[in-house]
Amino acid sequence: CVCCRAATERVRYAIPEELARGSLVGPLARDLGLSADQLAARKLRVASASKKQLKYFTLSEENGNLYVSERLDREELCGESASCSVSFEALVHDPLNVFHVQVDIEDVNDNAPHFLRDKFQLEINELTSLGSRFAVGMAEDADVGSNSLQGYELETNRYFAVEVKESQDGSKFAELVLRRALDRESEQSLRLTLTALDGGDPPRSGTAQLWINVTDANDNPPVFAQDKYHATLREDAPPGSTVLNVSASDADAGTNARITYGFGESSAKVLQKFVVDAETGTITLQEALDFEDTRGYVLLLEAKDGGGLVAHCKVKLEVLDVNDNAPEIMILSLSSPVTEDAPVGTVVALLNVNDADSGENGEVSCELSGEAPLSIVATSGGSYKVVTASALDREQASEHRVSVVARDQGRPSLWSSAELVLEVSDVNDNAPVFSEAAYSAYVWENNLSGALVVRVSARDADAGANGRVSYWLAGGSAGALGAAPLVSVEARSGAVYAQRSFDYEQCREFAVTLRAQDGGAPARSSTATLRVFVLDQNDNAPRVLWPAAAAAAAPGQEPAAAAGSGPAFEVVPRSAEAGYLVAKVVAVDADAGRNAWLSYELVAASEPALFRVGLHSGEVRTARAVSDRDAAKQRLVALVKDHGQPALSATATLHVVLADNLQEALPQLADRQNVSELAFDLNLILVVSLSVVSLLFIFTVLFAFFSKCRRSR
């Protein structure tokens, strides 16, 4: 509440001029509602559009008191102005606020009245009538108020008295009033002391000498056409411009009627700025005017005839302001950078705009030039706030450059500008985005553990840690190889590596979910699906299903060894013609594609010309008709081969008996069957015997255990 109230009110102090350095002006921090503990956090400081005004005061960082740092001379600061003050702004942060501080400088009686000249010479005709008045000049006192010039005193004499006259602008000048007729023959001259007094306590005074010469009769003084003249002149009038033409007349004749013009008792500034033609009475400007320095002049003119009589008139010159000063912009505070999530209306800068001109020429309006989500708001005392007009987005623009344009209402209008650079700092408002929503990777089976599968990438529009992306496995199918993950991802690079060797026959494809997460707080993340396809290699040899596995030989095994374990027999009648179907070799390959394409060929046979095998069907057929010369027992070895690179193969052994019926074939099979049956009977007897012995042993142990238990009861 204190801050809001102070933003529209002034903190005001009053101190006398000429205070010593280090004198206390006032407890600024306390008056703003700040305690000593808050000074460091709120960063109390003072600022002003005019650096000249700040040099007179200093702010203590320890207690927040305002002290005098330079000698204060009210007359130097404000000249003849009745009031004198120094204004500046007090800034506090967190939240950002501005307070207007005004220090009134009170006058002390440190200047004595003084006349512009130490001696005044008057020539007064002896026939001058009683009550005639003579202006003897004006004393100046730089002080104001009661300390300024209050009156005049004249040395006691028989002829003259002094009266104080006050002009419309408040200045006081002395007039001599003739109280007794002069007689040149009795007294040709007078020497009097004129004293100017101020109202201070104690009062100060200044003196000047009046040398009065009594002249012979010239009974008609000059007379001005007007007692008071009023003129105006633009401040941009060039030197040599005519201000005004005054005229006076004298009823006398001859030398007593010859009139010359000149300035009366005027200030040095008037004499420096203007000149009057002694013959014509034309007042001419000889130095450039400045409305901001002096807004008006009072010229005291006198017309003197040849007999020494003098007439006086006053010319009041008003200086007209022209728009010759552009507005001045001072950046009091700039909060940069500002976070992109700053709410709308956040104050980012405080400005102070001042125009030295007056009236419409000094009325200033401010606006922002440039594309930026900012606006400018006027406060009081020529101060402005730059606030956010809409939401900021660092990803759209990390920096905003605008120009503050201050323009007055003069004609033609003058303007000035100052650039504001506002940096926008990042907040974590964007999640990482994968370059693809779904990835596909192809890996040969039997790969090395740790092999690179694919490299994924995600981009985060944020900056710094908010835009630093890490990669993780978020989930997915483990596949047929177990519950452990099949792949891993490197957190920084996004490289996906195989955790083990893949087997196409166990797992042909699997999918995992990848997660990209940034380093913000709180962190943001997104996911993408990775589908890995395992490519087949020829790592499985064909497997023979028929003839039976006992009759099939793996690669490198002797066919005879496989046949001895129980070969299969096919009976072919001796009347079979060519193309007779003997049997069909059935085989499968666990691989896929070309690696599983099988071909068959006959690699060994008792009668190679008697049988053939289908290249792709595996059907064993007679290549010609069976003859009586062919042996009754035939042995065939078929090779099953895939189309992989390199190719893998397996063999199958088939026994063929050439007989017209089964009775003819039995003698060929008798020996082998007897041996097989005998071996089978021996094995059966051995198994039964071992089982009986084991059961008897178990029953004996159980009987002994129960007998022991009954005896113990």
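Glycine is no exception: its Cβ is also placed from the backbone N, Cα and C atoms.
Please treat TrEMBL annotations as automatic predictions, because they have not gone through curation.
TrEMBL lists 7-115, 116-224, 225-329, 338-434, 435-544, 572-669 with the feature domain 'Cadherin'. Residues or ranges marked as transmembrane segment by TrEMBL: 682-706.
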Counts by DSSP class (helix H/G/I, strand E/B, coil) across the domain 'Cadherin' (572-669):
12 helix, 41 strand, 45 coil
For the domain 'Cadherin' (338-434), residues assigned helix / strand / coil by DSSP:
4 helix, 50 strand, 43 coil
Tally the residues of the domain 'Cadherin' (7-115) by DSSP class, grouping H, G and I as helix, E and B as strand, and everything else as coil.
20 helix, 39 strand, 50 coil
